[in-house]
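Structure first, then comments.
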Amino acid sequence: MLKFTLHKKDGLARRGTLELNHGKIETPVFMPVGTYGSVKAMNPQNLHDIKAQIILGNTYHLWLRPGLEVVEQFGGLHGFIGWDKPILTDSGGFQVFSLSDMRKLTEEGCTFKSPINGDKLFLSPEISMKIQTVLNSDIAMQLDECTPGETTREQARKSLQMSLRWAERSKKAFEDLKNPNALFGIVQGAMYEDLREESLRGLEEFDFPGLAVGGLSVGEPKPEMYRMLHAVGPILPEHKPHYLMGVGTPEDLVYGVAHGIDMFDCVMPTRNARNGWLFTRFGDLKIKNAKHKLDKRPIDESCTCYACQNFSRAYLHHLHRAGEILGAQLNTIHNLHFYQVIMAEMREAVEQGKFADWQAQFHENRARGVD
């Protein structure tokens, strides 16, 4: 089930509600990444506390470990991980195509070696849909071929055409499995505007309830990613949710919303947190730096997260330098809370018709830098 209601537009920025089998999501929304069924350094209560509405699970990794036979015993991923809100799963394609020296690609699918035990495995649109059906994610993704940003036009066109054929196979398999959830198509085309449009037009035939923009944030320069968003955002169908995969920094989220994107996921806030890189309203802070050793202030005095309300930069600096697990947890709570606050503020700004003003103030604040 998927029902998307668009409540308000302010320029291309959108404010909507997405109804799924495990609950409603207010958009625009950021989805924390739970690769193996857990958001690193967070438990489900932490996620509820920061007001996470939906999380992402990784089909490839969950297929390899713990395996479908385990998750199936719990009725799907929700029961296995103790999370009662919506879940989105990717198709597994990105991870498989990252194994460039360990895989063989054909029209049927992709053969690769398991990085865990060396077993020979095969992923096809049909198998990806089977895995995601067992996971019972609220939103599943079609299997597509993920092309790097530097792909030639000829390679990009050939790839997107195969992704369109795989989109058709994904949808048929999804329906044959009687999956009650939603399946999104993925717009590909590398860094070529006309190919992106060709991909989008090809997907229209299959009438997916939502569309994702894939193949960005894969090593291309930031201006190139923004150029593609500028080109693709305005032509995405208005009545469907728009998902930008694997992006990104706070600035990327704001640029995406300004160009019509409703949904985001990225490992950046969690990965950076574990490395002592904290996001704040006034720029980024590296908690490992020695200048924080005696600093009694919180990460951000305007932040209401658990870490900022209870602990000093000095303590977080100590935890990070000592390699304490609590340090990673508190840093992650802060970063994900900050991302959720940004999204909530953008939702409110669009509702009030003041998104451009909010955006200008956001950039001014971020450029100021942290004291």
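Cβ from N, Cα, C; glycine included.
Bear in mind that the values here come from a model prediction, so they are computed numbers and not experimental data.
Binding of Zn(2+) is attributed by Swiss-Prot to C303, C305, C308, and the same site annotation extends, among H292, H320, H334, to H334. In Swiss-Prot, the region 'RNA binding' annotation falls on 270-274 of the listed ranges 175-179, 220-224, 270-274.
Among the candidates Q45, Q53, Q188, Q309, the residue that Swiss-Prot annotates alongside D90, S91, G92, G93, F94, D144, G215 as binding substrate is Q188.
Swiss-Prot tags one of the stretches 148-154, 246-252 as region 'RNA binding', and that stretch is 246-252. Long-range contacts of the region 'RNA binding' (246-252) within the same chain: residues 94, 216-218, 225, 264-266, 268, 279, 338-339, 342, 362-363, 366, each at least 6 residues beyond the stretch ends and with a Cβ under 8 Å from a Cβ of the stretch. Long-range C-beta contacts of C308 (Zn(2+) binding site), restricted to its own chain and to partners at least six residues apart, with a cutoff below 8 Å, comprise P298, I299, D300, E301, H334. In terms of Cα distance, none of the recorded positions chosen from D265, C303, C305 sits within 10 Å of D144 (substrate binding site).
Looking at C305 (Zn(2+) binding site) and D90 (substrate binding site), their Cα atoms lie 29 Å from each other. Summary of the Zn(2+) site environment: with the site residues C303, C305, C308, H334 set aside, the chain residues having Cβ atoms within 8 Å of the Cβ mean position are P298, I299, D300, T304, Y306, A307, Q309, I333, H337, F338.
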